[in-house]
Amino acid sequence: MSRAEPAAGRREQPATVETQDHATGPEARPAAGAARPPRWHWTLGLFRSELVTVFRRRRTMALCAVLAGVPLLVGVAVRIETRGGGSVGGGGRGDAGPAFIEQVSNNGLFLTFAGLAATLPFFLPMAVGVVAGDAVAGEAGGGTLRYLLVAPAGRSRLLLAKYASVLVFCLAATLVAAVSALIVGFALFPVGDVTTLSGTSIPLSEGMLRALLIALLVAASLVGIAALGLFVSTVTDSGIGAMATTVGLLITVQIVDNIPQLHAVQPYLFTHYWLSFADILRDPVTWTAIGRNLGLQALYAAVFGSAAWARFTSRDITA
């Protein structure tokens, strides 16, 4: 009986477990293995969660509202200034304004180019710097970062999901500014064939396609500042500090890029070729400066993305 009792105990235990959980039997094991989510599923789940977190914040909505308002202000200003027959920037004295601005009154599509040119030097990168700077530091400061690390995706996939969500914001913010400028331009000014910077004329449909390409190039120009902001965000636990540091670095780089005595280092700054998208409006399109801009953004993304990964994966997270 002493041997029979343990044997009975061994039989009763699987029976009890099977009653509570049907996934423990030998025939049920494949189903349990098939039901286990793969790692990419966790990565996509984190990515969706990050997107929801980014775009549901009131700060993000406020930034998008500002980006939409800048082209509106530019369009209204041009409309008021040209109402009496005066030229843009001259108040009727015939002074020429910027290349895009002076064309807005003749073709509303140019407000899209002018709006992106107005938002790219500061407003767009500032918005990206705020979102990227808060990506990791905001979670750490709020005490929620360590709970995110419980997910099986791991630190590398979490960081990748955060960077991907920042890149989506780069595209969304650029499209907000571009669409706002397009709507205002079509509402306030005449629209027709587009005169390129080379003096040739192209159909409106081709001009719209070039406007879309310009918006994509502007979004790609923000890849470097996004990686820089993400790296800064992994260094500190203060979201406000990371955002302020990223925006401060942006302003510093912009100042350096405009000092003639520092021309030797300017081609290596991530802001130097930002306005190269204007070459899309030439006929034929020149790709030299655009290629340099994209290559420089990829380089900054690789360097600061790697630095962010090295810092984040080796960091002792207590918050």
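Every residue, even glycine, has its Cβ placed from backbone N, Cα and C.
All TrEMBL annotations are machine predictions without curation.
Summarising the annotation, TrEMBL assigns region 'Disordered' to 1-36.
What TrEMBL lists as transmembrane segment is 61-80 (among others).
Within the chain, the transmembrane segment (109-132) has long-range Cβ neighbours (under 8 A, six or more residues past its boundaries) at 54, 59-60, 63-64, 66-67, 70-71, 74-75, 78, 98, 100-101, 103, 166, 169-170, 173-174, 177-178, 180-182, 184-186, 188-189, 191, 194, 204, 207-208, 211, 214-215, 218, 221-222, 225-230, 232-233, 243, 246-247, 250, 254, 271, 274-275, 277-278, 281. The transmembrane segment annotation in TrEMBL covers 109-132 (among others).
The transmembrane segment annotation in TrEMBL covers 163-189 (among others).
Sequence-distant contacts of the transmembrane segment (209-232) (same chain, at least 6 residues past either end, Cβ-Cβ under 8 Å): 109, 112-113, 116, 120, 124-125, 128-129, 131-133, 135-137, 159, 162-163, 166-167, 170-171, 173-175, 178, 182, 194, 202, 242-243, 245-246, 249-250, 270, 273-274, 276-277, 280-281, 290, 293-294, 296-305, 307-308, 311. Look at TrEMBL and you will find 209-232 (among others) tagged as transmembrane segment.
Residues 121-122, 125-126, 129-130, 132-134, 136-138, 140-142, 225, 228-229, 232-233, 262, 265-266, 269-271 of the same chain lie 6+ residues outside the transmembrane segment (239-256) yet bring a C-beta within less than 8 angstroms of a C-beta in it. Look at TrEMBL and you will find 239-256 (among others) tagged as transmembrane segment.
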